[in-house]
Amino acid sequence: MAWKVSVDQDTCIGDAICASLCPDVFEMNDEGKAQPKVEVIEDEELYNCAKEAMEACPVSAITIEEA
């Protein structure tokens, strides 16, 4: 299975918890907002990591959906 990861740039407040919890999937861009390092995750371990980051996001800016 594969999952698509996205971050709503208008919603993100740049607290970087996602990049801290899951640095293989998320990074901070030049504007101080989170962005995915990869658009599609095929590894279940990375999916679980990204899901944890999504649940920890204080403004619900992260979306994960089946690709």
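Glycine is no exception: its Cβ is also placed from the backbone N, Cα and C atoms.
Keep in mind that this is a model prediction, so the values were computed, not measured.
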Candidate cysteine (Cys12, Cys49) that Swiss-Prot pairs with Cys22 in a disulfide: Cys49
Greatest C-beta neighbour count within 10 angstroms, which of the recorded positions Cys22, Cys57: Cys22
Other CB atoms within 10 A, centred on Cys12 ([4Fe-4S] cluster binding site): 22
Between Cys12 ([4Fe-4S] cluster binding site) and Cys49 (disulfide bond), the C-alpha gap once rounded to whole angstrom: 18
Averaged pLDDT score, the domain '4Fe-4S ferredoxin-type 1' (3-31): 98
